[in-house]
Structures are given as structure tokens and as C-alpha cells.
Amino acid sequence: MPRLTLLFLVALLASAARRGAVDASIVDGLEVGFYGQSCPDAEGAIRNVVNNEIGMNRGIAPGLIRLFFHDCFITGCDASILLDESPAGDVPEKESSANGFTLVGLRTIDIAKSTVEAMCPRTVSCADILAFAARDAAVAAGLPSYDVAAGRRDGMRSNMDDLPGNFPVPGHHVPRLTELFSQRGLTQEDLVALSGAHSIGGAHCFMFSNRIYGFSKDADVDPSLDPDYAARLRQVCPPKNPNNDPQQAPKVKFDARTGERLDAAYYSELLARRGLLTSDNALIEDTQTRAMVEAFARDEVMWQQKFAEAMQKVGMLDVLIGEDKGQVRRQCRLVNGQEQQQQPQPQQLQQQQQLPWFRPHFPWFRQRRPPRPFPHHPMGDLINGFFRGFH
């Protein structure tokens, strides 16, 4: 094992030992500087793409962090969330109601992959690109930089049925959140630290409308919410209507104070009873997690370190390592070999050539099946995932 890899793993495992046992789903074998010889400019190129995209749309930063978490938490960091289609014919993860139209940053990954493929064909995996991009997004939003070990291979399956019951959602409270994180080898401290990603981005109104309308028989508004904050939310969000299109629902920032900066203000907002989601507010209702919230609110440097360590641990979940596992996709949206099946017909090519903005070297421009309609479900918990980024 290269010395740099060994040092990285020793440091990470020593840190984990201070917090408790690490589940076996965290896989050894990744290496900092993995592409130092095969594609030395890859990380810099990915960083440039991410910074350019965020410069045009600040919502890309929370979107990429969320995309990384959603990928790794289910079947591991294998870029399965990026697949448009599964070779087995399963409906892919990205079409789950926890993802769907809410995923932000897919185009950024496409551009980064195309850029790196032009430099080093069939070398840098989509799973590694996503890990680098999530780090770069966090840094662009204000977090100090941290190392990302690489060497992941891309998975060849994606199934949205893997999500239900295995994924944290906005309606969960601390016991269930802790249980889910523990199943993935992550601690309660990791849970609270990673929740700090909610200092950027935001949520659609339907994700928290149960807290500001019809909360209970005795209270229309959740009494744990700051009354002035709840009043502002009601000004933005009308009462929910089951006939409304979720994609057109208004959005609210998680952190009204520093909503475009990844910082510890999120924890101060929680203590001021201005946590947006049920899962946010739950962190101050539990004695153990409240103590962590208070500690992070006092010491931003400590939170930055814990957040980076937790992101590194997430990036090691069930990774595929070695040439006998997975593959390095040529396009992040398709398993290798599917590209030939997706070649456009002559009539489609003629239509594309008539579009002045069409760029044939962008591999994600292709005919895809129409998106599935967003399912209306009586349980808002099932509509979205844990990290919630703006469009």
C-alpha cells in the first residue's frame, strides 16, 4: 500500500476510533493523489469546472454536496445516482421521489467528465469526479479544503427500490436518523456535522408545510418554531394543495442569515428555533445531539474539521476498488456499452443540427425517455432526501 494511502487511512481510522467503532461498509484502499501519474491535472480541471458552474449558479454548491451524499448513502460511492438507465432494466435511483427533479449538479458532473475524458480517456471514474466535485463545492462555499482519496470504480447498476426505508428523510427524528447513519458506519457526531450542509441551499415549501399549517389539533403552527420565523414562512408558503405541481412549489433558504456560505451559522439558527425541517429541529430536541449543536455553534473551526472528516468517511462507503470490480465509465449517465444503443437516428440528428445551441461533443445531449410524473404521496417524508439543494 502506498505510504500516502497508509497515512490517510491511519489518520482517518484514528479519528474514527475516538468516536466509536466503524462499520465494515467503510472500505480501505483509496489513495490521496491516486491520479498523480495517470492524470495529474484531473483534480484541478474538475475544480475549475465546479467553480465556473457555481459562479453562474450558487445553487450548484449545495446540489453537488447533496448529490454526493445521495449517491454514497444507498449502495456506496459508485456513481449509481448518475445513471439514466440501468442495464438490468430497473428504474434508476435518480427517478426516485427522493431525487427526481430535485437533483442539482448533474450537468456540472457531465461537463467535468467530458473535460477530463479529453485529457485522460477512460482513466478518471465518475465516482471520483463526484467526490472531488462535492469537496470543491464545499470549498467554494467557504469550507477550508480537505484531501479526497480516490481510486473508486463506477457501478453498473442503479435501482430506485434501494432507497425506501434505507435513507434519511426530512421528517425523521434523531433515533431513526442515528440508526440509519449507524447502519452505514457513521456516528451520531457525523450526523450532526453533516447536517451543517444545510447552511446553504434550501427546501420546497411542501417539505415543511406540516410545521406551519395544521400541525396538530391544538396548534396550527409547530410551537417549537420561533413565531416570527413561522410567520415569515407562511408569507412565502401558501397552505398545501394536493393538486399543486411540486416542481412549482416556492423554496426557502435553510439559513436566512448566511444562506450562500457554508458555515456554523446553521447551528446558531437551530438554537434560535429557526430550523426549517423537522429533521433539523430534531437535533436540538435530543439531549445528546443538542450538546453537539451547541459545541459547533461556539466553535466553527471544530465544525469545519468534523464536517470534512465526515465527508471523507462518506466517501469511503462501499466503494468499488480494483480492475475486477466495476468500470470507469466513458459517460457518467451510461454504463459502458450502452452508448452504442443510444446512437440517434438520422431524423434525430437532423433535428439536432437545426438547433443553433447544440454541441455534439456533449455526451449528455441525447434522446432520453420522458421523465416519470412526480408521485403525489400523503407522506411528505417520502418526497425528498436528507440534503436539500436549490435548483
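Using the three backbone atoms N, Cα and C, a Cβ is placed for every residue, glycine included.
Feature annotations, courtesy of TrEMBL:
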SIGNAL    1-24  signal peptide
DOMAIN    29-336  domain 'Plant heme peroxidase family profile'
SITE      ARG66  site 'Transition state stabilizer'
BINDING   ASP71, GLY76, ASP78, SER80, GLU93  Ca(2+) 1 binding site
BINDING   PRO168  substrate binding site
BINDING   HIS198  heme b binding site
Response to the item:
In the domain 'Plant heme peroxidase family profile' (29-336), averaged pLDDT is 94
Worksheet entry | Sparsest-packed among the binding-site residues, when each Cβ's other Cβ atoms within 10 Å are tallied, from ASP71, GLU93 | GLU93
Worksheet item: So of all those binding-site residues, GLY76, ASP78, SER80, GLU93, PRO168, which one's Cα sits nearest to HIS198 (heme b binding site)?
Response: PRO168
Worksheet item: Using the Cβ centroid of ASP71, GLY76, ASP78, SER80, GLU93 as the reference point for the Ca(2+) 1 site, which residues of the same chain not in that list have Cβ within 8 Å?
Response: CYS72, ILE74, THR75, CYS77, ALA79, ILE81, ALA127, GLY155, SER158
Item to complete: Report, in whole Å, the straight Cα-to-Cα distance of ARG66 (site 'Transition state stabilizer') from GLU93 (Ca(2+) 1 binding site).
Response: 14
Practice prompt. Can you grab the distance from PRO168 (substrate binding site) over to ASP78 (Ca(2+) 1 binding site)? Cα atoms, rounded to a whole Å.
Written response: 19
Item to complete: Measure the Cβ-based neighbour count of SER80 (Ca(2+) 1 binding site), defined as the other Cβ atoms within 10 Å of its Cβ.
Response: 25
Response to the item:
Rounded to a whole number of Å, the separation of the Cα atoms of ARG66 (site 'Transition state stabilizer') and SER80 (Ca(2+) 1 binding site) comes to 14
Worksheet item: Once the chains shown are all counted, how many other Cβ atoms turn up within 10 Å of the Cβ of PRO168 (substrate binding site)?
Response: 24
Discussion item. With every protein chain in view, what's the tally of Cβ atoms within 10 Å of the Cβ of ASP78 (Ca(2+) 1 binding site), excluding that atom itself?
Written reply: 28
